[in-house]
Amino acid sequence: MGSLLFSWKGTQQKDVTIKSDAPDTLLLEKHADYIASYGSKKDDYEYCMSEYLRMSGVYWGLTVMDLMGQLHRMNREEILVFIKSCQHECGGISASIGHDPHLLYTLSAVQILTLYDSVHVINVDKVVAYVQSLQKEDGSFAGDIWGEIDTRFSFCAVATLALLGKLDAINVEKAIEFVLSCMNFDGGFGCRPGSESHAGQIYCCTGFLAITSQLHQVNSDLLGWWLCERQLPSGGLNGRPEKLPDVCYSWWVLASLKIIGRLHWIDREKLRSFILACQDEETGGFADRPGDMVDPFHTLFGIAGLSLLGEEQIKPVSPVFCMPEEVLQRVNVQPELVS
């Protein structure tokens with residue numbers, strides 16, 4: 001597999017070539033085995049070096065196992081004890097024991113506990129107070145006490161509170177104003193007002209607007225066109241112009257299109273072929289691109305992307321929360337999407 005510049009309608013684009021012998025069927029059992037064994041290898045270099053994002057790693061692994069109907073293979077009690085140990089006095093939750101709390105890992109922990117129907121393991125009132133404390137006067141959210149502002153954190157805040165049934169704990173109107181101020185002329189969203197549109201930020205902002213019932217504020221046709229332009233001749237999707245395709249954008253772009261009701265605008269079969277080509281036939285798991293090293297992050301978003309494409313072997317996934325739809329139905333959290 002190599003990258004190349006591909007001429008498409010007169011414009012050169014970065015893309016990848018997919019070999020003729022690339023996998024074209026879903027290797028579900030291998031992926032389940034890969035994830036089940038990943039967390040057990042606690043002395044591996046890769047495992048040790050990912051401690052700084054452990055909570056999100058647990059979320060990726062559990063969610064993809066649940067989507068594949070394999071959640072029972074994970075160590076529930078060990079995970080619940082770990083999450084409880086990561087909650088700080090301020091209410092926030094950290095990536096790992098001894099690390100600083102952050103909104104990203106607080107959301108991951110709440111998603112995990114929602115999967116397991118075990119939110120009672122943590123002090124919910126303190127989590128709510130922590131999220132409240134990070135909202136600024138303009139409605140934006142910092143990720144932690146150090147103050148970085150990003151629309152990702154706006155999404156983390158409302159997603160966390162929605163799962164806990166506490167969305168009214170923040171100033172929702174001001175939060176909406178801030179996110180809308182990050183909308184660009186091309187229909188997309190950036191991390192702050194005036195920042196470049198990016199598929200990851202668009203997912204966070206459309207997800208935020210779905211949770212807060214504000215999708216009518218989005219120009220779905222304009223944004224849908226920008227998102228569809230992310231598809232390359234290989235079938236893969238990139239996050240912004242002039243970038244290579246990456247399996248994770250099979251989630252960020254595809255989920256955004258689903259939220260705004262424009263999923264049918266892309267070539268679904270070519271995208272499906274690209275995602276399947278990113279599997280490792282020997283070890284299981286998905287990589288960012290065909291032939292690269294696999295990891296739990298891309299494995300979740302490859303499987304979740306296939307779910308949005310209607311893969312029958314995978315449970316239906318929520319495009320807003322990246323969790324099984326059945327879990328969101330159980331907790332009665334069902335954001336309204338554009339039809």
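Positions of Cβ are set from backbone N, Cα and C atoms, glycine also.
When Swiss-Prot records Asp246, Cys248 as binding Zn(2+), the matching candidate from His198, His216, His298 it lists for that site is His298.
Residues 51-56, 58-59, 62-63, 66, 123, 125-131, 133-134, 141-145, 152-153, 156-157, 159-160, 163-164, 321, 323-324, 327, 330-331 of the same chain sit 6 or more residues outside the repeat 'PFTB 2' (76-117) yet have a Cβ under 8 Å from a Cβ within it.
Taking every protein chain shown into account, His198, Lys243, His298 are the binding-site residues, and of these the Cβ with the most other Cβ atoms within 10 Å belongs to His298. Cβ environment of Pro241 (geranylgeranyl diphosphate binding site): Glu229 lie under 8 Å away, each six or more residues apart in the same chain. Counting residues of the repeat 'PFTB 3' (124-165) by DSSP class, helix then strand then coil, yields 24 helix, 4 strand, 14 coil.
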